[in-house]
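Look at Swiss-Prot and you will find 11-74 tagged as domain 'SAM', backed by sequence analysis. What Swiss-Prot lists as transmembrane segment is 140-160, 188-208, 219-239, 280-300, 308-328. The active site feature in Swiss-Prot is assigned to HIS289, HIS332, ASP336; the stated evidence is similarity to another entry. Annotation comment: Swiss-Prot describes 329-417 as topological domain 'Cytoplasmic'.
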Amino acid sequence: MSGRMKEVVSWSPEEVTNWLMENAVPEYCEPLKSFTGQDLINLTEEDFKKTPLSRVSSDSGQQLLHMIETLKMAHHIEAHKNGHVNGHIHVSVNNTAHENGFSSKTKLNGVPNGYKKEMIKIPMPEPERLQYPMEWGKTFLAFIYALFCFIFTTVTISVVHERVPPKEVQPPLPDAFFDRFDRVQWAFSICEINGMILVGLWLVQWLLLKYKSIISRRFFCIVCTLYLYRCITMYVTTLPVPGMHFKCSPKLFGDWESHLRRIMKLIAGGGLSITGSHNMCGDYLYSGHTVILTLTYLFIKEYSPRRLWWYHWLCWTLSMVGMFCILLAHDHYTVDVVVAYYITTRLFWWYHTMANQQVLKEASQTNLLARVWWYKPFQYFEKNVQGIVPRSYHWPFPWPVLHRGRQVKYSRLVNDT
C-alpha cells in the first residue's frame, strides 16, 4: 500500500478503479472510470452536486471525500517520510535564509536551525468496518425470535379454528369486493405462486448483499412482529368464513395430540394452501399472505440498486397481482388485505426511519417513537449501526464468477417515496 501511496498523483484510471473496488465503493467506478489519481484527489463537494456523481449516493459523496482525505494524508506522510531518508530533506530555498531572526541553515540531519521536526504516526481510520458491524450473534437472536413467532402463529391458528362458527349457522359477512367480482377458483394459487417467487428473489438478493447480517435482522424483527400482531387480531375477533366454498377441517374438541399433528403439518407446508397443509379456518384478520407479498417487495426495493427500475416494477406487479388474487379467490375479506397492507408498510417505514436516524435511537422526552413496546429490542439490534446501510453487493461464494459485472451500492435518496 505504501508504494502505491507514493504515486497516487500518477495513478492511471485503471488504478483508480482498483482503489475504489478495494475500498468498497464500487458504485463510483462507472462515473469515475476516466479519472486519474490527480483527478481523484482534486474532487470537491461541488462535484458531487452535479451529475453523474449526484445520482450515486444520498450522502453527497461524504464517504468518498473522507476516504480521499485519508488518501491525501497518507500520501503527504509518505512524501515527508521520503524526505527524511538518510538524514536529509529536500528544500527549495538557498542554504541560508533568515526568517524572524532565525537562521534556517540546513544541518546534516536535515532539520533547520531552531526548529525540531518529528514524525507523527496518524492512524488511518476504517470507518466502514466500524459503521456497519455484522454482529451475527444478534442476527441469530432475531432468527430465534422469528422462529418463535412462526410457531406461535401456527398454534394460534389451530386454536382459532376451533372457534369458527359453522358456515351454515353464520354465513359470510357482506363485502363490497365480493359483490362486484365473482369468485375465481384458481386465483389463490396465483397469489401463493407470486409470494413464493418474491420470497425466492429476496433470498437470492439477500445472499449477494454485503451487509446481509444487518438486513436479515431487520427482516426477522419486522416480519415476526407483524405475525405477532396478527395472532392478537385473529384471536380476539373470530370472523366467519368469507365464502361458502370453504371446506374447513373437523374440530378436535380438546384433542391436543391431534392439535400437535395439525400444527406440525402446517409448519411443514409453510402455511400454504397450495402444499395442502393449510385447511383450517379463522385466520382472516389480517392476511398473512398480504404481509409476505408486501414486505418482500419493500425489502427488495429498499436494498436493490435504484437503476433496476424494471426489477422494482416487476416485484411490485407480482405483489399487487397477488393481493388482488386473494380477494378474487374470496379467501379473505377486503378489510383483511387492507389492514395487512397498512400495518406492514407503516411498521417497515417506522423501523427504517428510526434505524436511519441516529437521534431516534436514543430515548428522550421528544422522541415519541421510543414509546413503542419493541423499542428496547430495536435499540439492542440497531445501536451499533451508524447511518443508512449501503446497498452494497459482493460475490459470497469461494469460486469466482466468470463474467462478473461491477458491484453497485446505492443509498436511498431523501426524497425517495
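A Cβ is built for glycine as well, from the same backbone N, Cα and C atoms used for every other residue.
Note on the active-site residues HIS289, HIS332: the fewest other CB atoms within 10 A surround the CB of HIS289.
Beyond its flanks by at least six residues, the transmembrane segment (140-160) meets 216-217, 220-221, 223-225, 227-228, 230-231, 234-235, 238, 259, 262-263, 266-267, 271, 280, 282-283, 288, 377, 381 of its own chain at Cβ-Cβ distances under 8 Å.
Non-local neighbours of the transmembrane segment (308-328) in the same chain are 177, 181, 183-184, 187-188, 190-191, 194-195, 197-198, 201, 287, 289-290, 293-294, 296-297, 300-301, 334, 337, 341; each lies 6+ residues outside the stretch with a CB under 8 Å from one of its CB atoms. Rounded to a whole number, the C-alpha distance linking HIS332 (active site) with HIS289 (active site) is 10 angstrom. For the pair formed by ASP336 (active site) and HIS289 (active site), distance between Cα atoms is given as 10 Å, rounded to the nearest Å.
Just so you know, the Cβ of ASP336 (active site) picks up 26 other Cβ atoms within 10 Å once every protein chain is counted.
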